Amino acid sequence: MPSLLIIVLIIHVVTYLINTIGANTIDSLLWLLYLKLPNQTSQTADEQRRLKREVMQLKREMNATSSQDEFAKWAKLRRRHDKTMEEYEAKNKALGKHKSSFDLAVKSVRFFSTTGLKLFLQFWFSKTPIFELPRGWIPWQVEWVLSFPRAPLGTVSIQIWGGVCATVVSLAGDAIGVVNVYLTSKAPKQKEPATSGENSARPMAIKKEL
């Protein structure tokens, strides 16, 4: 089983990645992946997309048909359009309910696997030291702070270790972002080909020099 030290670090890394990427972006990606699976919701989504295409096609046909010169054809297209539109709205409403339930489940899992798990570990292991400090290495006042609130004196508590992990992960993420921006700005740029005006101007300049 991984040590408590590693578990807390992983929780903060995952939390930072979620906050950096964006919870809504992750939810949308998971929803798209969920629709790729063979389930009832994916079938509803396929049917909804099919009905949407059919509604758009019927709308184009109605616009291309004169309601005065070809009234019978236009009326038939209108009835098909209205019926298909009702089916589309029903499927769209059902799909919206599925997505709301899916988003709630994803948010619940994300909360309990990050913030909820972190709070539980801090409560359950509040008296458990993450690691011990060498005796006499630092003043006892600092030892008391590092063991706050309930870990034995001379050790590092899970609360303090969690704060250290959050700070280090955030600084590391910012440093990676700065390096990425620096490397991107230093990337070699392709030279733009000379325009015809520039090419024609060069021979003229040479002739003048001669």
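Any Cβ shown, glycine's included, is placed from N, Cα and C.
Membrane topology as recorded by Swiss-Prot puts S3 and I176 on two different faces. Counting residues 6+ beyond its ends, the transmembrane segment (156-172) has Cβ neighbours under 8 Å at 4-5, 8-9, 11-13, 15-16, 118, 121-122, 125-126, 128-133, 145-150 in the same chain. Residue counts for the topological domain 'Lumenal' (132-155) under DSSP (helix as H, G, I; strand as E, B; rest coil) come to 7 helix, 2 strand, 15 coil. Non-local neighbours of the transmembrane segment (111-131) in the same chain are 4-5, 7-8, 11-12, 14-15, 18, 147, 149-152, 155-162; each lies 6+ residues outside the stretch with a CB under 8 Å from one of its CB atoms. Residues 126 of the same chain lie 6 or more positions beyond the ends of the topological domain 'Lumenal' (132-155) yet place their CB under 8 Å from a CB of it.
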